[in-house]
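Written below as structure tokens is the structure these notes are about.
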Amino acid sequence: MFMVDRLILVCGVLLLLGIASNKLSSRWGIPGLVLFLLLGMLAGSEGIGGIEFENYELAHGIGTVALVMILFDGGLSTRFSAIRVAWKSSIVLATVGVFITAAITGLATSWILEITLMEGLLLGAIVSSTDAAAVFSILRSGGVSLRKHLVSILELESGSNDPMAIFLTVGCIEVLAHKMPIGIELFGLFASQMLIGTAFGLGMGRLAILIINRIELDTAGLYPILVSTFCLLTFGVTTQCGGSGFLAVYLTGLILGNNRLVFQRGIRLFHDASAWLSQIVMFVMLGILSFPSRLLEVGWKGLLIGCVLMLIARPVAIMLSLAPFRFPWREQLFISWVGLKGAVPIVLATFPLMLGTPRASLFFDIVFFIVVLSAVLQGSTLRLAAQWLGLTTTPDPVPPVTLEISSLRNVEGDIVDYLVSEDSRAAGHMVKDLALPEGVVIATLVRNEQLIPPQGKTVLLPSDHAIVVLRPERRAIVNYIFASHDAVVEIPKAFEFPMRPTTTLRELTEFYGVALDEPLDITLEEALKKALGIEHVLPGNVVQLGPLSFRIRSIDRTGGIEAVGMTIQTEEQSNS
């Protein structure tokens, strides 16, 4: 057997075991990264696998590519709505918070290990960032739902704090290895990294949208590869120009994830799979790279530094960073505990090894120990901490599934699978009575694994799946119609969407929860003609019925109303 054949076999076995260990992690309530690392340690030179691997440059290269794919996928899955809620506090946590964490941990490390202050700060910088994937994999698998603003803060902070940790690490190495003076030059390096990274990330994101939606490829499978190409190009171009490539790829992913793309769902599924593959490969590789016997040698020192990091440095950093925002102490305490260490610290720990920095091997072993300690201790108690602090909420209803429109062109439409629950507003109603916006079509119903072509008199029953074709801007209002009565679903206000003139006022009151003084059995067309008078039924005329505003869009030759736009007024608009 050729060597490459054995290598492929080993890789296949390790990937299979990695996927299986992720399944176990959800049952045991610990992050998958811990099991991936343990799997690598078992396969390593001191484990049963006996794989000898000590190529730190190759490990750094693989880890960097994996981090790029993970951060890019993190940007793709982050919504602008989450950023608007928490961008100020998250940015402070991702910069000032990381700096304070690194400084306190570095001071303690220099005392515990009896090393210079700058060497201690280097280790503090390496372990200063958090891992979002580990945190939320535990919370979701444990069935715990946090308050929305808290989720937004944690996701945005953990997705954007890696560049700061990387900069601090590189800065400390520059001071140690190249004797760069601490001052204006180091600050200039930080400013240029952030500014160039931000500019290239946003610019490449906009450029990618333009090209992806206009290139018209003949094969669907090339679109995810094209997006990955922009991800790698963004990192490479940004780093060559002196910026933070990691920040740039996160921002590029953020821009792409919040805009419509050709073959969008396929692109997201591809990069979700790429991120998982990157995590498994990276952590298994880093586990193989480690030496368990050396971890035992640094156990007590690693435990002391880890305790300082988790119990002193992170809480103080959170308290000082969030002081201007007046967060409740319970939320500050929980955010302090959500400081799981993941991929970035271990990859950063390979930097000193490649550059031959003094005590580089010691730092790598301690960082590895701290990552495992943090993931096991904090990861296994996050669910209990959230419940103890009273920060859990009722889980949101399972969102409707968006199905893929298999088109290689930019189709402005979605196919959405809505599950009709027992307390859904749509349950028990005929299709023709749903008061759906104009242009929204129920294409088919799935009932007891049978396809039912819907007709106007077809009644929606609990457990039905309604396959709905709609335009993206009308999805929010359709979500509201199919949601349960108790679900917190916002109706878009001050946004005009088309409504059928044949819709009755009773249907409007039932589905949109409004009170109208008009007779409820008449149609919308009849109500508008009554309010305006036959002679004033003209395009552009507006009628106010309670909190609903209707604008006539078009009429036919006989004076019948063809199209109506409906707007749900805000309280200020209704009172004016």
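Backbone N, Cα and C atoms are what each Cβ position is placed from, and that goes for glycine too.
Under the heading domain 'RCK C-terminal', TrEMBL lists 403-484.
Taken from TrEMBL, the feature transmembrane segment applies to 32-51 (among others).
Per TrEMBL, transmembrane segment is recorded for 58-78 (among others).
As annotated by TrEMBL, transmembrane segment applies to 90-113 (among others). Sequence-remote contacts of a segment are chain residues at least 6 beyond its ends whose Cβ falls under 8 Å from one of its Cβ atoms, and for the transmembrane segment (90-113) they are 83, 119-125, 127-129, 152-153, 156-157, 160-161, 164-165, 168, 301, 304-305, 308-309, 312-314, 316-318, 320-322, 324-325, 335, 339, 359, 362.
Annotation comment: TrEMBL describes 120-139 (among others) as transmembrane segment.
Annotated transmembrane segment per TrEMBL: 186-209 (among others), in sequence order. Within its own chain, the transmembrane segment (186-209) has Cβ neighbours under 8 Å at 163, 167, 171, 174-175, 180, 227, 230, 233-234, 237-238, 241-256, 259, 261, counting only residues six or more beyond its boundaries.
Positions annotated as transmembrane segment by TrEMBL: 221-239 (among others).
As annotated by TrEMBL, transmembrane segment applies to 245-263 (among others).
Summarising the annotation, TrEMBL assigns transmembrane segment to 275-296 (among others). Here the transmembrane segment (275-296) has long-range neighbours at 14-15, 18-19, 22, 32-33, 36-47, 49, 51, 53-54, 56, 59, 62-63, 65-67, 69-70, 72-74, 133, 302, 343, 346-347, 361, 364-365, 368-369, 372, meaning same-chain residues at least 6 beyond its ends whose C-beta is under 8 angstroms from one of its own.
Under the heading transmembrane segment, TrEMBL lists 302-322 (among others).
What TrEMBL records for 334-354 (among others) is transmembrane segment. Residues 31, 33, 56-57, 59-60, 63-64, 66-67, 70, 93, 101, 122, 125-127, 129-131, 133-135, 150, 153-154, 162, 165-166, 169-170, 173, 279, 282-283, 286, 309-310, 314-315, 318-319, 322, 327, 360-361, 363-364, 367-368, 370-371, 374-375, 378-379, 381-382, 385-386, 389, 391 of the same chain sit 6 or more residues outside the transmembrane segment (334-354) yet have a Cβ under 8 Å from a Cβ within it.
The transmembrane segment annotation in TrEMBL covers 360-377 (among others). Outside the transmembrane segment (360-377) by six or more residues, the chain places 30-31, 33-34, 37, 113, 122-123, 126-127, 134, 286, 290-291, 294-295, 297-299, 301-303, 305-306, 309-310, 339-342, 345-346, 348-350, 352-353 with a CB less than 8 A from a CB of the stretch.
With a threshold of 8 Å between CB atoms, the same-chain residues lying at least 6 positions outside the transmembrane segment (58-78) that come near it are 132-133, 155-156, 159, 162, 228, 231-232, 235, 245-246, 249-257, 267-268, 271-272, 274-275, 278-279, 281-282, 285-286, 289, 343-344, 346-347, 350-351, 354. Away from its own ends, the transmembrane segment (32-51) comes close to residues 10, 14, 17-18, 21-22, 24-25, 131, 133-134, 137, 279-280, 283-293, 342-343, 368, 371-372, 375-376, 379 of its chain (Cβ-Cβ under 8 Å, at least six residues beyond either end).
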